[in-house]
Amino acid sequence: MFSAFIIKRSAILCSLAMFIPLASIADDTIEVTAKAGHEADLPTSGYTATTTKGATKTDQPLILTAQSVSVVTRQQMDDQNVATVNQALNYTPGVFTGFSGGATRYDTVALRGFHGGDVNNTFLDGLRLLSDGGSYNVLQVDPWFLERIDVIKGPSSALYGQSIPGGVVMMTSKRPQFTSEGHFRLTAGNNNTQVAAFDYTDAISEHWAFRLTGITRNSDTMYDHQREERYAIAPSLLWQPDENTSLLLRANLQKDPSGGYHSAVPADGSIYGQKLSRGFFDGESNHNVFKRWQQIYSYEFSHKFDDVWSFRQNASYTHSNTQLEQVYQGGWNSDRTLMNRYYSGEDSSLNAFAVDNQLEADLRTAAVKHKVLLGVDFQKFRNNLRSDSAYATPLNPYTGVSGGSTLYSDYLLTTPGINTSYLSRRYEQSGVYLQDEMTLDNWHLNLSGRYDRMKTENINNTANSTDERTDNHASGRASLLYSFDSGISPYVSYSQAITPSLFPDAQQKLLKPMTSEQYEVGIIYQPPGSTSLYSAALYDLTQNDVANRAVPATYYVPAGKVNSQGLELEARSQISDRLSVIAGYTYNRVKFKDAIDGNDGNTPVLAPSNMASLWAQYEAGYGINVGAGIRYIGKQWADDANTLRVPSYTLGDASVRADLGTWAASLKGAFVQLNVNNIADKKYVAACYSTSYCYWGAERSVQATVGYDF
């Protein structure tokens with residue numbers, strides 16, 4: 001039934017999109033007078049963005065933003081030919097994306113050492129991407145649809161409500177433009193990778209513009225018996241009747257018939273001991289399914305009443321279905337001859353809605369300029385699911401012999417069967433927030449506060465039980481920045497975050513919310529007249545009432561407090577007309593405090609103490625552009641008890657692009673490009689959740705692209 005629904009809805013939208021270019025052709029001449037939206041929504045150029053909307057929900061120059069913000073531009077994503085948001089963030093300081101190694105099913109991002117709720121810190125076009133991190137129903141946006149990615153570091157609850165303390169990842173979709181622009185790509189690579197993508201935008205009339213973007217991806221993976229398959233399309237329509245009013249309608253339709261692999265191997269077999277193959281498959285072919293169908297419909301409305309008052313409203317509706325069957329290992333048995341294995345199954349349907357209303361006023365009191373923002377937002381999701389669990393026959397990973405694929409309802413493997421529960425997981429949040437950005441000469445003071453009401457509910461229809469929790473919480477943020485005429489802007493800030501109890505404990509009771517606070521000092525430098533941007537930030541961040549996932553189980557356990565202290569350095573520089581550089585360094589000291597599980601003073605998993613990266617893009621002449629990068633991830637712990645370290649690793653990437661129009665005028669706009677990641681094909685462990693659950697890093701990837709820009 002759902003397949004019929006998505007096909008029918010997609011057919012309607014695609015039919016409308018196909019009609020739009022015909023309408024534009026019907027007008028011989030179109031004089032465009034409407035202006036585009038906020039500057040931070042406009043297409044980026046090169047490797048450096050100059051503004052951000054994510055930090056304050058208003059257009060704000062980065063040089064005047066008293067917070068550490070990194071922006072990944074469209075140019076960077078194209079040059080590096082990224083296939084996931086995780087991959088797009090590989091060269092961003094303060095960000096660790098190695099959670100699942102070569103697996104690409106989810107975009108899981110740790111910021112400043114915090115990964116709890118790691119799929120709940122992503123936003124699309126200003127609204128939270130409403131996934132259910134307590135299930136397998138988690139959304140993923142293809143980076144081909146994105147114009148930019150802003151990483152807002154540090155607690156952000158004063159504007160966004162619930163968030164992890166390390167920050168949020170703000171994805172901005174490509175918008176319709178009133179000028180004609182098109183892109184077409186064909187990519188082929190190892191693991192039978194095949195990608196076809198297109199993107200076209202144009203004006204229909206003086207006040208209407210459209211955009212149609214689509215992509216299909218198909219490939220094998222580095223893992224045996226695994227494939228990835230995706231079909232996605234994103235039509236959008238923009239109406240601007242005058243320079244003060246705009247309405248943008250969007251849809252993002254995505255079908256993933258095969259979501260590839262998402263499992264791991266023990267540390268004994270990857271970090272040490274008899275090493276397993278990177279392609280090792282711990283499952284069973286007759287229980288190996290991951291399908292995801294997601295639809296996101298949204299709109300953005302804005303109106304400027306006069307020179308003082310303006311209003312904005314963003315809203316989205318999301319529907320996502322996920323089907324999963326997976327047999328996976330959970331560590332060695334007592335004599336290390338066989339791997340214990342488990343089974344998980346899920347059939348879930350998620351519906352979500354979010355809306356954000358913003359009233360902005362540009363005022364002046366005496367010599368002080370004020371930009372005041374008053375907002376009211378609401379979000380909710382409901383995920384109805386059938387959750388299956390069982391024990392599977394153990395596996396000898398070196399011979400591939402498991403003794404069969406029978407599933408058992410008991411750990412003694414005596415009773416064939418599956419344990420099934422019918423669940424409903426619900427969450428809603430409503431909040432009101434107020435922000436005042438004050439400017440007096442070169443001083444910039446920002447004060448913001450928010451009050452939230454959050455309700456979580458877990459219903460087990462099988463056990464006829466309900467666990468419900470309601471929390472009210474106030475969050476705040478304050479920052480002060482001084483902007484020197486030389487382009488130097490030092491700042492200091494304080495911010496808070498609330499992370500609600502979406503996660504159950506071992507008894508399926510909801511845990512209490514986690515609260516956080518951060519102190520940050522930093523400096524931003526932008527040479528006058530330059531687009532280059534340099535920044536440094538020092539922070540001290542503490543999260544209380546921490547909950548960690550008990551991998552490979554799906555419940556969470558209390559772990560006390562976590563304190564993160566660190567330094568982030570970033571440079572995005574246009575060194576010359578031909579050379580662009582992105583450089584970053586992260587030092588992150590993360591420790592458990594007041595831990596109740598014996599780990600006090602230890603470092604959590606997924607928190608490398610040092611990370612560094614460098615990417616350089618050089619225009620060599622004759623239409624040749626060469627890019628090269630190096631990424632270093634320092635040592636990290638394989639378990640919270642700190643009994644074993646994950647070794648550090650260094651990876652190299654490269655790209656070469658040839659613009660064919662330089663050699664033949666008839667080929668203007670055409671190009672060929674080669675991208676190689678992990679050039680040395682280094683075999684490494686990217687990260688571990690525990691000593692039983694470590695992820696092999698991605699193998700070497702070689703992809704060749706033929707493209708045409710017009």
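Note: Cβ is positioned from N, Cα and C throughout, glycine not excepted.
Taken from Swiss-Prot, the feature domain 'TBDR plug' applies to 61-174. Regional average pLDDT for the domain 'TBDR plug' (61-174) in the model is 93.
Taken from Swiss-Prot, the feature domain 'TBDR beta-barrel' covers 181-710, and the record attributes it to sequence analysis.
The motif 'TonB box' annotation in Swiss-Prot covers 28-35.
The DSSP breakdown of the motif 'TonB C-terminal box' (693-710) into helical (H, G, I), extended (E, B) and coil residues amounts to 0 helix, 13 strand, 5 coil. Swiss-Prot lists 693-710 with the feature motif 'TonB C-terminal box'.
Annotation source Swiss-Prot lists signal peptide at 1-26, citing sequence analysis.
Under the heading transmembrane segment, Swiss-Prot lists 29-37 (among others).
Tertiary neighbourhood of the transmembrane segment (91-99): same-chain residues 68, 70, 72, 76, 80, 107-113, 115, 118, 151, 153, 166-167, 566, 568-570, 582, 584-586, 588, 606-608, 611, 613-615, 629, 631, 633, 686-687, 695, 697, selected by CB-CB distance under 8 Å and a gap of 6+ residues from either end. Residues annotated as transmembrane segment in Swiss-Prot, with sequence analysis given as evidence: 91-99 (among others).
If you look at the transmembrane segment (106-114), the same-chain residues 6 or more away from its ends with a CB under 8 A from one of its CBs are 84-86, 89, 94-97, 99-100, 121-122, 138, 140-141, 151, 153-154, 164-169, 262, 539, 541, 543, 562, 564, 566, 588, 590, 604, 606-607. The annotation transmembrane segment is assigned in Swiss-Prot to 106-114 (among others).
Taken from Swiss-Prot, the feature transmembrane segment applies to 137-145 (among others), supported by sequence analysis. Listed by sequence, the residues of this chain that lie at least six past the ends of the transmembrane segment (137-145) yet keep a Cβ under 8 A from its Cβ atoms are 77, 82-85, 87-88, 105-107, 119, 122, 124, 129-131, 171, 173-174, 197, 199, 213, 215, 217, 230, 232, 234, 252, 254, 256, 292, 294, 296, 318, 320-322, 346, 348-350, 383, 385.
The transmembrane segment feature in Swiss-Prot is assigned to 180-188 (among others).
Annotation comment: Swiss-Prot describes 293-301 (among others) as transmembrane segment.
According to Swiss-Prot, the feature transmembrane segment maps to 370-378 (among others), an assignment based on sequence analysis. Under 8 Å from some Cβ of the transmembrane segment (370-378) lie the Cβ atoms of residues 56-58, 159, 161, 353-364, 428-439, 448, all in the same chain and six or more residues away from its ends.
What Swiss-Prot records for 491-499 (among others) is transmembrane segment, and it gives sequence analysis as the kind of evidence.
For 555-563 (among others), the entry in Swiss-Prot reads transmembrane segment, with the evidence type sequence analysis.
What Swiss-Prot lists as transmembrane segment is 624-632 (among others).
Marked as transmembrane segment by Swiss-Prot: 671-679 (among others).
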Problem set entry | Same-chain residues at least 6 beyond the ends of the motif 'TonB C-terminal box' (693-710) whose Cβ lies under 8 Å from its Cβ atoms | 81, 98-103, 181-191, 193, 195, 222, 264-267, 270-271, 278, 280, 330-331, 551-552, 638, 646, 649, 651, 669-687
